[in-house]
């Protein structure tokens, strides 16, 4: 008789995982069945030193235990009914996004400095805590800060703006400063345990590319940079999909020298970043406190743009 997959509740229940192997897996950030099932055998082997064939068996067993298999289109339709949305605070912006920021996907906000990327991330970290009938998910947020842009004072203002207790709101935002690209990747690996065991509904990475660009400059380092960035983005995609959370990443822009007409700016990160997010939103400055948002890539949304405002109390529609 084979081992009943329903008996596998923890990584220590997986066939071939004794105390030593379990310790290696946990030290590498693979602390849950979901984290192992979402990884490739190569990733597990490289991170732990476990032989590739053993890693293959462990990953296969984790996937079988979680019943990762083919689904019908009807199954996907039923699953889509579980997708939730977080209000941005601006009705205009919500309508552009089809109702708000979706769970089970990555939303990328890209634009130049001062275009509103970090402001929206702060607002979402507050709004995710609202009741569902007010556009929230009654959940907590994780804020991975790579550039030191997080401000608790701004959270305080925004919390007051939506009628929530600022101190209670701040207690429900887990902030961490990522010091380099490998630390950033390790943080996301750890989130597979955090998200499973806590009521986390939003993960923010602000910004997703800055460390990778700084640490791997030049064309000679491009392949390594893109490989690491690809792994990082796929972990975020798996996190969003497995746990039904919203993932929001910010990104910088650069000018394309080959564009002579129209807007020459594009998001950094190349094709790797271009394929990962489910929704890509380009933000631009306008007059005063107004900003322009344009959906540039989303399979379920039409391309379009709208105007929102950054006010004392947060993201709002312009007056």
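Glycine too: its Cβ is placed from the backbone N, Cα and C atoms.
Straight from Swiss-Prot, the features:
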BINDING   111, 112, 113, 114, 115, 116, 117, 118  ATP binding site
Same-chain residues at least 6 apart in sequence whose Cβ lies under 8 Å from residue 117 (ATP binding site): 109, 110, 111, 206, 207, 250, 251, 283
Output field, ATP shell: CB within 8 Å of site CB centroid, site 111, 112, 113, 114, 115, 116, 117, 118 dropped: 119, 283, 285, 291
Binding-site residues listed as 111, 114, 116, least Cβ neighbours within 10 Å: 114
Neighbouring C-beta atoms (10 Å sphere around the C-beta of residue 113 (ATP binding site)): 9
